[in-house]
Every structure is written in C-alpha cells, then in structure tokens.
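Trainee: Checked TrEMBL, it gives:
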- 176: active site, proton acceptor (ACT_SITE)
- 10, 11, 12, 13, 14, 15, 34, 96, 119, 120, 121: NAD(+) binding site (BINDING)
- 83, 89, 121, 152: substrate binding site (BINDING)
- 5-143: domain 'Lactate/malate dehydrogenase N-terminal' (DOMAIN)
- 148-309: domain 'Lactate/malate dehydrogenase C-terminal' (DOMAIN)
Ligand code: A3D
C-alpha cells in the first residue's frame, strides 16, 4: 500500500515543526517546499537523521520545485511572513496575499486532490484567497486557528482548575484574532460547563474573564516574548490533528476556519466554526445557537474577517 504524502509549503518555524511531528507519527512521507534555498533540504536531512534514534521510517525531502509535491494527500501551508512585535496579523495582508497566489497555483497544478490546511496569517482572509487562487473545492481547503485558540484556552483553564488538560474541553469560535469568541458555557471541566464550575466555587467570573482575555491575545503574548517571530509548536500540533483526522477519517469535531455557505448567517467566507474532519475534508459544520451577547461577539468577528477580505480584493482585483 502506498504511503500517504504530506507536502509542507513553507519550511520555516512551523513548517519544520510540522515535518518533525508528521514524521514521528508516521503520518506519511514528507516533502518540505520553500523558496529559501537550503532551508527545506537542511531541515529534511536533520529530521531524517533523528529517525534512527526515534525509530520511524517516514521519508523526508526538501525542495524548491513545486513538481515535487505531486500527488500530495495533504498540503499544509505556512509560506509567508510571520508577525514581528508591533505588527498586527492584518499588517501581513499585502505580503502574504502574493505568496498565497503562488502557492494556490502550485497546488492546483501539482496536488489538486489534496486536503489543504492554511496557517498563514491573517488566517481567515488568507485561506479564503488560497481557495480562490487554487480553485480547489471549498470542503478541501480549511484554515487552522480554532484548535490552537481552544488549546490555549484549555491550557489556561487546566492551570486555573489544577486539573489535567485532558479533562478540559473548550469551544472557541469566530475569526482568528482579537475578536475570537471563546464560549464559556460550551467549555467544560469533564463535561461540567464553566458557569457551573464558577457557581460551585472552583473559580470566579473575574478569573475566567481574565483567561478569556489572555486567550484572545495568546498569539501576541508569544510574539512579545520571542521577539523574532510567532508561536510554532502549538500551531504545528494543531494542524497535525487536522491532517491526521483527514488521513485516518477520524471525524474529529474541531473548530477550524471553514467555508460557510449560509451557516451562521455567513455566505462565501471562511470563519472559525466547529466542523467534522474526515475523508471528505470539511464534512459538516456544527451550528450551535447563540445567546444575544454571543451573536454580537460572533458578528463582530465576522465583520473583522469581512474587512480583511475587502482589503485583499483591493490589492488583488482578480479576487473580487
Ligand atoms: P517563518 O519561520 O518565517 O516561515 C515562513 C517560511 O515561508 C519561510 O521559510 C519563508 O522562506 C517561506 N516563504 C516565504 N515566501 C514563500 C513562498 N512564496 N513560497 C514558499 N515559501 C515561502 O514563519 P512561521 O513558520 O513562524 O509562520 C508561518 C505563518 O504562519 C505566518 O504567516 C504566521 O503569521 C502564521 N501563523 C499562524 C498562526 C495561526 O494560528 C493561524 C499561528 C502562528 C503563525
């Protein structure tokens, strides 16, 4: 039986980490593509040389040639530039939109049947543009953000409640950015919603509000600490969960930037919502009912995505 093939477009901090995790999990053979000569080759060789120690047999290679991604089952896109301190995700639009054009055309030509996971920021606009540039079906192009945002939320909650991260579920919706919508009433400690945990005296509303705020600014906190780039371990782990669910048809339900075709009242845009990921890609959107306050937060987030999409259309009229 042929091995799966995973193409990583962008072999920077997240790309290298993706390659390492994918190889360790033996999800398939890995091709690292990057325009920076030597970077993908060097990382592929370095990771390959850890395989005998760790005992896995995935084959890795680096390339500057799109032809080498031919037949990929999954493409994970991190090509572009990350944020530096003082930059918002939106500052990246102009630069990364051009990159999405090149990447979209490369995938369309060489790996048109792949499940494509976009990570490049500003996420909700870049995944929209990537789908347009590539022309792939909307169910085969998704954005990674919600798993990362909810994983950050879960980490902070596990610390607050002094419980295992495995006992915490979290529900984060909306665009990836400061307008994301962490839904506390759908976030639980072993199935017990956070408002009930507060009532039981395990935490306070103030503490949970502070955690929500920290989650929203979670990416910026790391940019401020690292100073030379943005988070890469947790973003890579999150995208691998999506790739694995597709390749193994696991049908995990996770928040992702998914194409909405009327769900949540949104048409033709990518917004963070819970979806089922299986062999069909983004198979189904889980549509929950909002309270009035949640609806307002979600709409705020959708408006922020819309502004970014409009900015993209101005820069690249072919997207209009
Ligand atoms: P970095 O380490 O700079 O890697 C980006 C790589 O892309 C570099 O190696 C570049 O050489 C390469 N590249 C640039 N242009 C092209 C091109 N045209 N074709 C192929 N490769 C190219 O960044 P990173 O890995 O830390 O981050 C990558 C992206 O992910 C950035 O846009 C970040 O803002 C974004 N990011 C998103 C999240 C989300 O949760 C959505 C989290 C963290 C980072």
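Indices start at 1 and increase along the chain as displayed.
Backbone N, Cα and C define each Cβ position, glycine as well.
Tell me about the surroundings of these features in the structure.
Mentor: The Cβ neighbour count for residue 176 (active site, proton acceptor), using a 10 Å radius and every protein chain shown, is 30.
Cβ contacts within 10 Å of residue 121 (NAD(+) binding site), excluding its own Cβ and spanning all protein chains shown: 29.
In the three-state DSSP scheme, residue 121 (NAD(+) binding site) is classed as coil.
Within the domain 'Lactate/malate dehydrogenase N-terminal' (5-143), the DSSP-based counts of helix, strand and coil residues read 67 helix, 25 strand, 47 coil.
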Trainee: Which number gives the other C-beta atoms within 10 angstroms of the C-beta of residue 34 (NAD(+) binding site), all protein chains shown included?
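Mentor: Within a 10 Å radius of the Cβ of residue 34 (NAD(+) binding site) lie 22 other Cβ atoms.
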Trainee: Taking the Cβ of each of the binding-site residues and counting other Cβ atoms inside 10 Å, which one has the highest number: 10, 12?
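Mentor: When each Cβ's neighbours within 10 Å are tallied, 10 leads.
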Trainee: Could you give the mean pLDDT over the domain 'Lactate/malate dehydrogenase N-terminal' (5-143), rounded to a whole number?
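Mentor: Averaging the confidence scores along the domain 'Lactate/malate dehydrogenase N-terminal' (5-143) gives 96.
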Trainee: What's the most sparsely packed of the binding-site residues 83, 152, counting other C-beta atoms within 10 A?
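Mentor: Among the binding-site residues 83, 152, the sparsest Cβ neighbourhood within 10 Å belongs to 83.
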Trainee: Within 10 Å of its Cβ, which one of these binding-site residues (14, 119) has the largest number of other Cβ atoms?
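Mentor: It comes out as 119.
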Trainee: Can you give the largest Cα to Cα distance in Å, as a whole number, for the residues 10, 11, 12, 13, 14, 15, 34, 96, 119, 120, 121 that bind NAD(+) in the record?
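Mentor: Largest pairwise Cα separation, rounded: 17 Å.
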